[in-house]
Each structure stands twice: as structure tokens, then as C-alpha cells.
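S.K.: Before I ask anything, let me first share the structure, which is written out below as C-alpha cells.
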Amino acid sequence: MSAYSSWDGFGNHIPCGTACVPPQDCGAYRPDLPFPNPETLKCESCPSDGCEECNYVEIDGQATTLQCTRCKEGFALEKDGLCTYLLDKLLLKTYLVLGAILGILLAIAALLSITCNKNSESLTRGLEHRERCLPHDVETKAAIPDRHAAPGSEIYYARAPLYPLNVNVHSRNIVGVGLALYYNHLIFVGAVALIGWSLLRFSEGLFGMQQWDTLQCGYGGNEESEAAVIGYARRRALIALFLWLAILPASIIFARWQASAARTYDRVHTRMEDYCFGLSGLPPDATNPVELQRWIEEKFGRPIEGVSICYDIRGKTNCLGFNNGELRHLIVKKLDEHLQQQEETFTAALGVPGSRRRTVRHSPSKLPALLEGEEGDETSLDPSSTQTWLSEMRCSGEAFVVMKQEADVESFFSSWDQPRGLQRTGSFFSFHDGSPVPNALSPSSSTKKTRRDRSFRGCELEIREVTSEPTSIIWEHMGTTHLQLAVRIGIGLIGFLLAIAVFYGGVYIPLTTSVVRYAQKAGKPPSPFQTSGLGIVVGVGNNLIANLLWLGVPCIGFKRKDQADIVTFAARTLLVLLNTFSLVLLTAQKLAAVGQPEKNMFATAGRTLERSAELSREASLADAVLKMFLTGTFSSCIFSFCFVPLTLWQAVFVIRTGLMGSSMSGRDCEKMLQPDEIWLPWDYASHIQLTCCAFFPLVLAEPPGSCASRVLCAALVLWCCVMYCAQRIIHFRASKETFFTTPRLDKAVLAGWALPVSQLAVTSAAWVCRALKFELIASIPICVATFLASCAFYLFLLSKALNHHHSIRFLYATRSESYKAALARLRYSYFNTNPIHVLMAQHSPEVGLQPTTWYEAGKSYLQAVDPKKDARLEASRALAEQAEDTQKRPRSFVSRMVYKARVWFTGAPKHAYQALDETIETE
């Protein structure tokens, strides 16, 4: 006799009865019960999985033991009479070899890190630079005017504190409006999960299959069971519809609120784009900013701050149309030399914001060099060569004109006689680079006759509103044409899809096939070796593709950072959703292989038992998905916390051991030790993925009292709370200052939010099809049409919510300050972020540009006009505001730990209580 069974909602067998089968067919009916026991007359299991035949064998003439005599395909018979899966043997050897190699490498690394201490001074400089790269609070106070300076002049803070961890991320100008919108969206995801949990909890009684116990083994009648299934499907469809009706308007309201928050942010905070407008249509030979500035001042009738020309610095291209990087590497090298000179000048003035006494007291001659030129390098020795290739630069056709006051921009637009319908560079999903649209901006012939001449060197110029901060402009791509960008996007898309196809076709699918074959042959779930090995392979493959994505998108040629962020978000979302779908599909295949109905047993049992098995497999899949998603929900948070110290320890190890040389320059250590950027596009992708995962189990049948989606929604609420706190630590204590100065990425995320919203509509449609007893071939087109209709409806409402018509006057209806005051706080401008403008000011004095210091995260203190005076002012301010009770060095260990914790949480400068008497020398 062979036992036949069904499954409960947790993947466990429920014995339903027995059936008489021939002895030779025991394994055919139940793969996990292949042994016909002659004593009990029952089909029983063999000693190990994968046994096709087993029998009692005498050992040394003594007691008999049940051993495998023949194994199934893919299994190997061992000497002890057990069957071992071939893949398990390979994975075990692989794990042992990799573990031994890893242990040896860790031992060598520990020994080298203890015994080696190379590049100590450069390492110290690199660690100090790493701390200065973090986001610093530049708006603790307005810029304080110098009493002895001319009226209206401002100074910088050379030693701004870090942001406290409890800073209001929703209103402060930390790294731009994008960070505030991200935290708003994180709260919204938690609110959606809370809404889902509440509705599912309220309707818990409607989810249970009342006759589930009867259906489990097919005891109920056919009509009774079908009526129970249809009623259950109707209730499921109704609940999914309620969720869709609740989340859809909530999403539109939130989108409207995000747009309002972005406008409020723009009104409250002064930004560099408020003083600037774009100029397009310039000829290629318009490379002198001073000449263009004089022409604009003549047209405007009053002085302006300056002009920053966008130069064509693409350089040579390879066969695929991508820049070969020679010119870019040369520019980076010259900027490093430029920063070296500024660093030495700043150090000489005793203004380096260091926390260590001996670092500041070094004379410039004793400081480790920031950049060491190689012998025979003509570009670093001959300044005329730099001047030569700078003079050969051509204009890309674009320029940024900076005014002295915000109101000057509106005045210039009025005097320019520009139509009121101003072009915005980057409305919803805009990849426009700022060039004028011919039909939209070309004035009529009658208008041309009434306005003043706007030609410069024979070219008709147009102006536009600028909606991107200078830190969001990718200057090296400003010369990229639309055709080149389209070709590069196509090549990048093909490469990305090809990488995914190679990984899944060459690695993932063969491994999953082997895992499913084990479940089919053994009749039991896969072994831990298989599942862990598959998880490692999937994780490594996803990280490789993600790194390819992270490195490849900036090379495509987007002119604004938000464009690259949108592409990164879209590709990352596609990748994580594909990975999630693959894992769910694999789980379903394993459950189908393990829990498949006994061979031919349903032929006489009727439709009721077959329906019972189908519902049981769905419930088991829902439970498996719940466990898989619960373990993966917090993995991203854990990975982020582990990734930061690992990268730091790796960089410190490479520097201390001298693997890249025992005389590394300080600049090389700074680049190696600087923290990673803030990964908002990657974090946004998790919002879409986890929300889709939370509502996925709704499409599966579940027994009474079980609701995987309700549990996942509760977990998502907890995840949002954890990430809201954890991201503050990652962003403010472990990430490089990365600017997100436009709301375009958030708009793209709001558009991508159509996926979880439409998923609920598809779930409702799927249960309606099941209630109406539609076949699968008819249900699929209905679900696809429902998904497309829901997406179209959501995007239509979203476009209405984001469509705001406000004149440019509304943007300036706030308190106004001068350009110098804004520059004193923000420190970046359209001049010091333009690499060619900075190098021209240094190497081409005949052009007549004002000396400009290159802006870079971690080097903003070099923007100080009087380093010594600013350092003293910052030290006094830090002592007075951040460390009132620490003017004396703490004496006990507990007090030192408390002070360090306070410094870490509040972001106060380290050793602020020593600033006056130790860090800054007296004259």
C-alpha cells in the first residue's frame, strides 16, 4: 500500500489515505517512498534521497541494514550504501577549496596589516579627506560679513560641522531637493504598507476557505468544492479591488504633495540656478567667456557676474562611438595639480581644517605631495602645452550666464523679449539637454522684426530657464549630440540585456534545472548545498551586472546627473524585479516537483482531490514566498551597513601594505579612501520591488488564518522604519556628498509606481477569471489588458497631478540675497565646477578670467578667500555653539566616550574644544 496525501498551507504532507499498488511501482507513485517493505506491506522511504532501489544487506554476517542498491539518474552510489547527488559533491568540494583559499588570504591580510605601516602620512591625509567628503552643514548661519572688508562682501566657513543625525531631512537643503523627496517617498511606502495591512487585517475573515479542511483530501462533493472555490475567488478579487481603489488615489495625492514640496523647497532655499539662465545657439569658436560677457552686458545694460561656457571636451571616440578617455584623464590630472597648489597655499595660511595638531603644524615642504609627476611627463612640466590644448577647445553651443541678483534674471528675460512660455530643461521624463526646440521656441517672423538683434558672431541666440544646479551638470558630455546619445543608449541597452541573458542562460538556468531535477528524482526539497550555492551564484551575478550598470551609465553621455540617475533606477528596477520573478518561479518549480500528485491516483479520485492538490500547492508557494521575502527584506539594510566598513578596510589595507606602491601620493590616497556616493536610484528601486513583493501572495490561495501579504505588509512597515533611521547614518556618516538638485528622479519613481498599483488590478482580474472558470489561454490576455489599462489610467492621473503652470515670477517671490552671499554658503558655482573654465583661469591669463578654485567634495574649504581668518572664525563658532561644556579635555574614559558619541550624533567638529589652543597656531 502507498500513502497518498495533500499539502497544508505550510508545505507539510497531510496523509489522506492509502492505495494498493504493485511493489515495483512504489517509487512511481511516491518518489520519496520507493521501498516495498515485505513485512509491513507498505511503501517506505530508503536510507537516503535518490535511491531507486534499496534492500536489506548483511554486514559482516551480522545484522542486516537497509541500504541503497541502485540510485536514480544524477545520483552516485557510495560505499556506505547511500546515494549522493553529483551536484552536491561538486559544491562541497568547491566550498572547501574556496573556504581554504579565503582563510589563507585572511590570515595573510591580517599578518600584513599588523606588520606593515607604509604610506602613513598619506593614509592620514586620506582619512581626513574621507571625513571632509561627508555632507557638511553649510547653513548653520548665514554668511557673516567681514567688518573690515568692503560693504556687501561675505566670507566662507572653512570648518563646517557635519549634519546631526536628527536633522530635518524633509526641509533642510542638505544635498538638494532629491534627498528630501526620497525620504518623503520612504514614508509613503510605509504608509501604503500600513494601509495594506489594515485592509487585509480588517477583511481577514473573508480570506479563509471555509471548506479548506474538507477540500484538503477531496472528501467533499464535487459541487460543494467548486462552489467553495468560486466563492473564495470572488472574495479575493473584491479585496484586491479594494486595495487598488485605496492605493491609487493615495498615490496621486502623494504625487501632488511631492510636487508641492518641490515647489516649496525651491521657494525657501536659494540655489545657484536662481541666478542663472541658459544661452544656446553659440558658434563653435565662441570660446572666450569675457568676450561673451561683454556682449551680454551691452545687451542688458548693466554688469553681470560672468559667463560659463560649455566646452566640447569629448576628445577622440572609439569604434563604438564612446570617448576614449585620453582628454578626460589629462583634464583630471591637471585638476589634481591645480588642487595641489591650492592645498599648499591653504596650508601655508594655517587654515587646513584638520583635527590633528601635527597635521596643521606641517610646513608645506614637509607635507606629502598630493600629486607626484612622473619623470619625462611633458604635460606636468611645460605649462605652454596645457595652454595649447586649452586654446584648441571648441564651444558646444551652450553657456550659462550668471547674474548678480535673482531679480536680474527676470529683468533680462523681459529685456530680451522672450515669450512667456519659457522652456524648462527637464519636465516629466525629459532628456532634453537645453537646446532650443525649433517649433516651440522659434518666434514668428513678425516677432523677429519687433525685437532687438540677438545675433552673436552671425548666430541667432536663444535663452532658456535653467533648472539644474552646477553640481548636477556633467560638463564632459555637453558636446554630445542627440544622435550620439541615441546610439550609445542603444549599445548600452543591448549590452545590459546581453549580460542578463548570458548570466541567466549560462549559469542560472542550468543550476535551477539541476535543483529541480533533484526535487523530481528524490521527491523531497533540495539540499542546503544546492540552495546556498544557487543563492551565492545569483548574488554574485547580480552584483556583477549591477557594477556593470553603475560603471556603464555615466559613460553613455548624459548631460545632467538626473538623466543618468533615471536610467540607473529603471535598469536597477528591471534587474531586481527579474531576479525576484526568477526566484519565485524556481520556488514554484521545486514545490511542483516535490508536491506533484501521485501517479494516476487522481484518475479514479475525481476532480475534487485534484483541485485540493492545486490549492495546497498554491498555499505552500505562498508560505515559501513569505519566508523568502522576509529573509530578503532586511538583507539590503544589512548589506549596506557591511559594505561601508568593508570598502574602508580594503582601501586602508591596500595603502598600509603598499600593494600599490610604498610612496603613494596624498592625492591617490584621498581618491582611494573617499566614501561612495549616495545611491538614491538603487534605494528607490527597492521601494518598487518590496511593494510588489508584499502584494504578490494575494494571487495565491491560502488556508484560513493565513495571509502572507498581511505579514509582508507589516514587515514592510518595519523595514521603512529601520531604513528611515539607517539611511541617515549611511547618508550623513558614510557617503560622499552627492547632489540631487532636481525632482526629476522622484518623478520617474512616481511613474514606476504604476507597477505595484497595476499589480493589484491584475490580481483582482486574475481572481475574477478564476471565479468565472476561464481557461488560462483566455485569462492571460485579460490580465495583460487590465495591467496596461491600469498603468495608462495611473499615468494619466499622475500627469494631471504634476502638470503645474506657474510663471517665472512665482519663483522669485521670496526673500532675495546677492549672488556673493549664496556662493558663500553653497561654495559651488557654474564657474568652479566647469573644469575648462578653472584651467583657463589658471593657465591662460590672457583670457582675463578671475582666478577660480576647482570645487570637489572634500575640498570645499579651499574656496576660502582668507583661510587663516576663516579657520579662526569657524573654530570660535564651533567652540561656542557645539561644545559649550567641553572647553577642557575630558579626563575619564567614560567622559571621552560620551563626548565621542555626542560628536558622532550631532556632527560637531572633532576636538572642537582644542581648536583655539592647539589646532590653530597663534601669530
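For all residues, glycine too, the Cβ spot is worked out from N, Cα and C.
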S.K.: So which range, 529-553, 679-703, gets flagged transmembrane segment in TrEMBL?
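M.R.: It is 529-553 that TrEMBL annotates as transmembrane segment.
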S.K.: At least three Cβ pairs under 8 Å linking the transmembrane segment (711-730) and the transmembrane segment (237-257), pairs spaced 6 or more in sequence?
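M.R.: They are not in contact.
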S.K.: Please indicate, using numbers and ranges, the residues of the same chain that are 6 or more beyond the transmembrane segment (776-797) and have a C-beta under 8 Å from a C-beta there.
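M.R.: Counting only partners 6 or more residues beyond its ends, the transmembrane segment (776-797) has Cβ contacts under 8 Å with 244, 248, 251-252, 751, 753-755, 757-759, 761-762, 764-766, 769-770.
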S.K.: Same chain, outside the transmembrane segment (237-257) by at least 6, Cβ under 8 Å from its Cβ: which residues?
M.R.: 184, 188, 191-192, 195-196, 199-200, 203, 206-207, 695, 698, 750, 753, 756-757, 760-761, 763-768, 771, 790, 794, 797-798, 801-802
